[in-house]
């Protein structure tokens, strides 16, 4: 039979312990979750949390990047036209957009941990089903459902943010990009081996394995103490903080945990409260533009390699699926990636951490707003540089820098959004931002895979212009969160 302390420990991540709020005796010392997190400091718990929660980025990257490496194969198998290939990616992000708001709302009401677990189960299930899709229509529908599940992975970032001391957030959160990079490289490497041998369906099955394995370690993840306090679940919050202090070899603050006044959580109208209205609108613009640029770069890279659009004698050849047959000359462009194309994709993907050290320095010394403004402006410039007629090596260099910049943009806006909103609406703020982000991602395929074929310079100018708008919006954000404690309520 379990002992009472053991039951209390198990309740950290899986149960909610509700107690009546009692005012501490007059003169007795009290502390908040924010003060406890700062006092406990950084230690073993945070390293373990970083590794487990960061690994969610591996699973997410593999599922999102999957479309870029299977597009040529489904194009050939079902003889798809440009708009049909673009629609696949668009529907993935449509599912992401719809469920991002719903799961963000549910996370603020029922907890980050529960929604994160649900999202992994959902994404893994539908990802496996996708590998058995009998037709193009089924493939599109099932990938949209995968996108809906992946949208809940953002709760992992929120849990990390709410447990990290203030001075470490600007350093640790950008390092999470390493996991996204690992997932991206893993899916490209697997694609180069699996696609030509046992086929794209097996690639999808293999790509779902990391997400399934992560589910097994979820029991080691506690629910956010900030969330528990915001719901009145003071006992669970205290148990979590004591566990963290024990793991870190630190001491808890003196006194009793003080619960702030209980407020309603997860209300959409709070996002447009006069205090946050301007911030919310500008954040939405930035999220939309960053996603538009990020996925535009990824899909444009695949399109450049698939269509062999780089110019100059050193351009990398693309492996054709036929030998001059009518099928290979069809408007569906049935061309498959060769080894050189996969190599270029790997090199450009590595660019995602190339600017990480500079990005971390910029975030912590220049502030979130100015750092984001600079990287967005540089992104706009490098989009225009893609129009320069150059060799394959030159094109790879431009793509490398673009991936580095768009990755830095995502790092910064993720941190800013998680910091600017209070606990009572943080998950909803991230959810709605993520939803607007997917609007940009939904449009990107039609620019990278359809408009780019008709007007290369037109597509690049559109990407560049959106980045300029985002740079201006970032610079004029009304709140700077550098060194700012996480807010509990409005």
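Each residue, glycine too, has its Cβ placed from N, Cα and C.
What TrEMBL lists as domain 'Major facilitator superfamily (MFS) profile' is 49-482.
For 47-71 (among others), the entry in TrEMBL reads transmembrane segment.
Residues 64, 67, 71, 74-75, 115, 118-119, 136, 139-141, 143-152, 154-155, 266, 268, 291, 295, 299, 427-432, 434-439, 441-446, 448-450 of the same chain, all 6+ positions outside the transmembrane segment (83-106), place their C-beta atoms under 8 angstroms from a C-beta of that stretch. For 83-106 (among others), the entry in TrEMBL reads transmembrane segment.
Per TrEMBL, the feature transmembrane segment maps to 171-194 (among others).
If you look up TrEMBL, you'll see 283-302 (among others) marked as transmembrane segment. Within the chain, the transmembrane segment (283-302) has long-range Cβ neighbours (under 8 A, six or more residues past its boundaries) at 65, 68-69, 71-72, 89, 93, 344-345, 348, 372, 376, 379, 383, 386, 399, 402-403, 406-407, 409-410, 413, 416-417, 420, 429, 432-434, 436-441, 443-445, 447-449, 452, 459, 463, 466-467, 469-470, 473-474, 477.
Within the chain, the transmembrane segment (340-358) has long-range Cβ neighbours (under 8 A, six or more residues past its boundaries) at 68-69, 174-175, 177-178, 180-181, 184-185, 188-189, 191-192, 301-302, 305-306, 316-319, 375, 392, 395-396, 399-405, 407-408, 411. Annotation source TrEMBL lists transmembrane segment at 340-358 (among others).
According to TrEMBL, the transmembrane segment annotation covers 454-477 (among others). Panel annotation: around the transmembrane segment (454-477), residues 279, 282-283, 285-286, 289-290, 292-293, 296, 300, 309, 368-370, 372-374, 376-377, 379-381, 383-384, 386-387, 409, 416, 440, 447-448 of the same chain, lying at least six beyond its termini, place a Cβ under 8 Å from a Cβ of the stretch.
Listed as Cβ neighbours of the transmembrane segment (171-194) (distance under 8 Å, sequence separation of 6 or more from its ends, same chain) are residues 46, 50, 53-62, 65-66, 69-70, 157, 160-161, 164, 200, 202-203, 206-207, 210, 337, 339, 342, 345-346, 349-350, 352-353, 356, 359-360, 363-364, 407, 410-412, 414-415, 418.
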